[in-house]
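Structure first, then comments.
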Amino acid sequence: MGRIGKEIAGQIISFIGLVLVAVTCGIPMWRVTSYIGANIVTGQTIWDGLWMNCVMQSTGQMQCKLNDSVMKLSADLQAARALVIISLIVGFIGFIITFVGAKCTGCLKKDSSQAKVVIMSGCLFIVSAVLVLIPVCWSAAITITDFQSVLTIETQKRELGASIYIGWAAAALLLLGGIILTTSCPPQKPMYGYPGYPPAQMYPYAGPANYGPVYAPPSSQPYTAPGSYAPTKPYGAPTAYSARQYR
């Protein structure tokens, strides 16, 4: 799979994870309590969410009420409100940044700049996955602890809702998409040669297999020693001197 294919796959997987985070934040199914009285008609199901609580009667009627105050929620749901919203914001920013640094869009010309932007968006998706994973695991741990406690009344025991499982799936998809985006970029520096040029082709040596001393024939040119001070033109000295020149 090439670079463009990895970027598209990372964007699609991260977008699906971001949608699941929004679903986890919206639906009121973090905890589910089932109560059945002496008669099946009196049975009801209570759903606890971040923003509202819903009660469904066995007759099919459902009533929902918004949470007027944050202080009415438990500590894990109060933290879940903030962390899930921050996860949505960070994931949305990372999703927008992927289009800026993607190779198929061409917003940036340099490959190194595109690589940096895509890696940044992948890191944001990983952070978003961690932010949604913390409240989901926290709420699941508290729900399981209360369910197994002997001090909890039978009618008040709660079970894991659909939002917990959807949150786990969203965190896994965001983490996978972030890893794909951070590993889809080529190296910024070439391993050999000059940037923008293909490497030189290597050719095998086609000479003789055995090597031996090489002798050159003597040259026919006369040898002239370096640094000679001999005149370049021949100097013709007189053969004889007359005596009158020295009188």
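Any Cβ shown, glycine's included, is placed from N, Cα and C.
Just so you know, TrEMBL annotations are computer predictions that nobody has curated.
For 12-30, 79-105, 117-142, 162-181, the entry in TrEMBL reads transmembrane segment. Residues annotated as region 'Disordered' in TrEMBL: 227-247.
Tertiary proximity for the transmembrane segment (162-181) is limited to same-chain residues at least six positions away from its ends with a CB under 8 Å from its CB atoms, namely 6-7, 9-18, 20-21, 23-24, 27-30, 49, 91, 94, 98, 118-119, 121-126, 128-130, 132-133, 135-136, 139-140, 143. Sequence-distant contacts of the transmembrane segment (117-142) (same chain, at least 6 residues past either end, Cβ-Cβ under 8 Å): 7, 10, 14, 17-18, 21, 24, 30-31, 74, 76-77, 79-80, 83-84, 86-88, 90-91, 93-95, 97-98, 100-102, 108, 160, 163-164, 167-168, 170-172, 174-175, 177-185. Residues of the same chain lying 6 or more positions beyond the ends of the transmembrane segment (12-30) and with a Cβ under 8 Å from any Cβ of it are 47-54, 64, 77, 80, 84-85, 87-88, 91-92, 94-95, 98, 125, 128-129, 132, 136, 139, 161-164, 166-167, 169-174, 176-178, 180-181.
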